[in-house]
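Participant: Here you go, one structure.
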Amino acid sequence: PAGRAASSVPAATTPRGSPAVDMRERERALYASGCECVVGVDEAGRGPLAGPVVAAACFIPVHVEIRGIADSKALSEAAREAIYAELTSHADVAFAVSIQPPAVIDKVNILQATLLAMRESVHALRARAPGLDYVLVDGNRSPFDADPAGIRCEAVVKGDARCLCVAAASIIAKVTRDRLMVEMDRTFPLFEFARHKGYPTARHVALLAQHGPW
C-alpha cells in the first residue's frame, strides 16, 4: 500500500529503572498508533580521516527475531559480520545503503554528506517498501528539512542503542563501510586501511606523518 502519514505519537523516552532496554518498544508503539512500516537509519564514517560515509536504512518486521542486534560500536567485528549476514539474507528484512565518497565529503562537509546519505538510503528503501511511513534516525536531527510526503521522521539520541531497527541499520552501515576500507587497503597499502578503517588511531596518524595524505 502507498505510504501514509503516521498518527501523532509521543516522542521516544529513555526507559528508567530497568536492567535492559526493550529495543522494540518504540516500534511497537508506532505500529499500535497506526504506522505500517517503521524503518531505522544510521551511519558509519563520520569520525574517520579517510574513506566514505555510509548510511543504511533497515526494516525488520515485528515477527522477525534476529539475536544479538545491538549498537554496532558495542559488537565485535565477528559479531557484526554474523548479524550482517543474517540481516541481509533474511527474506523478510529490507534494507538500502547509500555511500558518499570523500569527494562529496570534501565538497559539502561531513555533516551534509551524512545527511545526504541518510536521505538517499530512505528513498532507496521506500522504492522497495512503498508502505514505509515512519523513520527513526540515530542522532539529534532529521536528515530531512521537511518530512517527505507520507513519511514522518524522528531523531532519537542514542537510537542505535535504543531501537532495534536503528541498531540493525548501524550494523549494515558499519560492515559495508569496513569492507570498502579493506578494498581501499589493496589500492593504498601504505596506509593500512584494513587495520584502522580510516579512523584517527595512533598508527594511522603515524602513517600519515610518514607518507602524507594522498
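A Cβ is built for glycine as well, from the same backbone N, Cα and C atoms used for every other residue.
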Participant: Can you find which of Asp133, Asp138, Asp145 TrEMBL lists as binding divalent metal cation at the same site as Asp42, Glu43?
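Facilitator: When TrEMBL describes the divalent metal cation site, the candidate it includes is Asp138.
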Participant: Taking the recorded divalent metal cation site as Asp42, Glu43, Asp138, identify the other residues of that chain whose CB atom sits within 8 Å of the mean position of the site's CB atoms, giving them in sequence order.
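Facilitator: These residues sit around the divalent metal cation site: Val41, Ala44, Ala55, Ala56, Met118, Val137, Gly139, Gly159, Asp160, Val166, Ala169, Ser170, Ala173.
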Participant: So, three-state DSSP: helix, strand or coil for Asp42 (divalent metal cation binding site)?
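Facilitator: Reduced to three states, the DSSP call for Asp42 (divalent metal cation binding site) is strand.
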Participant: Which Cβ among the binding-site residues (Asp42, Asp138) has the fewest C-beta neighbours inside 10 Å?
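Facilitator: Each of the binding-site residues Asp42, Asp138 was scored; lowest Cβ tally within 10 Å is Asp138.
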Participant: With an 8 Å cut-off on Cβ-Cβ distance and a minimum sequence separation of at least 6, pull the same-chain contacts of Glu43 (divalent metal cation binding site), or say none.
Facilitator: Val53, Val54, Ala55, Ala56, Thr114, Ala117, Met118, Asp138, Ser170, Ala173
